[in-house]
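Chemist: Structure in structure tokens, see below.
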Amino acid sequence: MDKSARIFVAGHRGMAGSALVRNLATRGYYNVITRSRSELDLTNQVAVEEFFRDGAIDVVLLAAAKVGGILANESYPGDFLYTNLIIEANVIHAAYRAGVQRLVFLGSSCIYPRECQQPIKEDYLLTGPLEKTNEPYAIAKIAGIKLCEAFNYQYGTQYLSVMPTNLYGPNDNYDLKTSHVLPALLRKAHEAKVSGADSMTVWGTGRARRELLHVDDMADAAVFLLESEISGGLYNVGCGADVTIEELARAAMRAVDFEGRIEFDASKPDGTPQKLLDVSKLAELGWRAKIGLVDGLASTYRDFLRRYESRVLERA
Ligand code: GFB
């Protein structure tokens, strides 16, 4: 891909989008285009069409989405379904109409059936019922994958979909009601430590299993796929190993240096029992994750501390 390509990163203020912008800069791309929500409302079809018509965009990285942890997904199913559907529909359709040939659509490993065989291959999509806590979000993301496939088939575009497992890293959301598990555990361990508490609460049984991927690895994989001139399809992105939520909580406590007990809150859901991706399709192309959980937790905790001290933990 030409270093002068005009690359639009949709959702550049979020954790995934900001990692994509960092990765593109590291690789020498110097025409990265971004728009804040006040400059371009991606739920507004007319505004999105105008932006693409006038923007001479070559490539799109679609990271804009309404995202959240298990409780946010359960509490706001309408928002998760509607907002994600409309953003994808507007951006993918406007990109096609403006002649954009290359697009990467970011999804999530929750698109796969709840009781999926592990590790999860891309082929298992739509082979069984979804996990209820995030069904609306998963259905929106499946629609985005299918939109890319359908446009490739009908119009000859080269739109591909990247399905990362549970992401974490700089710029995450630390609001305990809406965040994903890893930022929540870091914050809880930190607050327990500074308040002198002897325990912290972990939702569910602690036995659910999750595969955690540093967001810089995800961004590297997405740009790697673009540079590999892949013309379409679905690609899992993960590190190839999972941990129980209890193990993750203990790892977060070690990163924070909090030595108290864990109290499990069984009134909160476990969600999907396990989500471990089969990443062999991407590995065959030559890409592997590089950031291990211990290092990733340590650097993410430093990011958390910077934001905690400046009181900007919740995403606007
Ligand atoms: O990251 P998370 O909220 O979402 O992780 P999912 C949920 C798992 O962590 C459940 C446990 O097993 C929770 O019981 N957990 C323990 C906690 N303590 C906490 C806590 O303090 N906060 C949170 N949030 N969880 C999301 C989907 O599923 O994964 C999205 O809802 C998306 O759609 C995302 O796909 C990647 O992994 O269950």
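The backbone N, Cα and C atoms fix where each Cβ goes, glycine too.
All TrEMBL annotations are machine predictions without curation.
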Chemist: Which of TRP203, TRP287 shares the substrate site with LYS188, ARG210, ASP270 per TrEMBL?
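Modeler: TrEMBL names TRP203 for this substrate site.
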Chemist: Near ligand 1, which of the binding-site residues GLY11, GLY14, GLY17, PRO164, LEU167 have CB less than 6 Å from any of its atoms?
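Modeler: Among the binding-site residues listed, not one has its Cβ under 6 Å from ligand 1.
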Chemist: Which residue among the recorded positions TYR137, TRP203 has the fewest other Cβ atoms within 10 Å of its Cβ, if you could check?
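Modeler: Among the recorded positions TYR137, TRP203, the lowest count of other Cβ atoms within 10 Å belongs to TRP203.
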Chemist: Using a Cβ cut-off under 8 Å and a sequence separation of 6 or more, which residues in the same chain sit near PRO164 (NADP(+) binding site)?
Modeler: ALA16, LEU106, GLY107, SER108, SER109, LEU213, MET218, ALA221, ASN236, VAL237, GLY238
Chemist: Given a 10 Å Cβ-Cβ cut-off, pick out the one of the binding-site residues LYS188, ARG210 that has the most other Cβ atoms nearby.
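Modeler: By the 10 Å Cβ neighbour count, LYS188 comes out on top.
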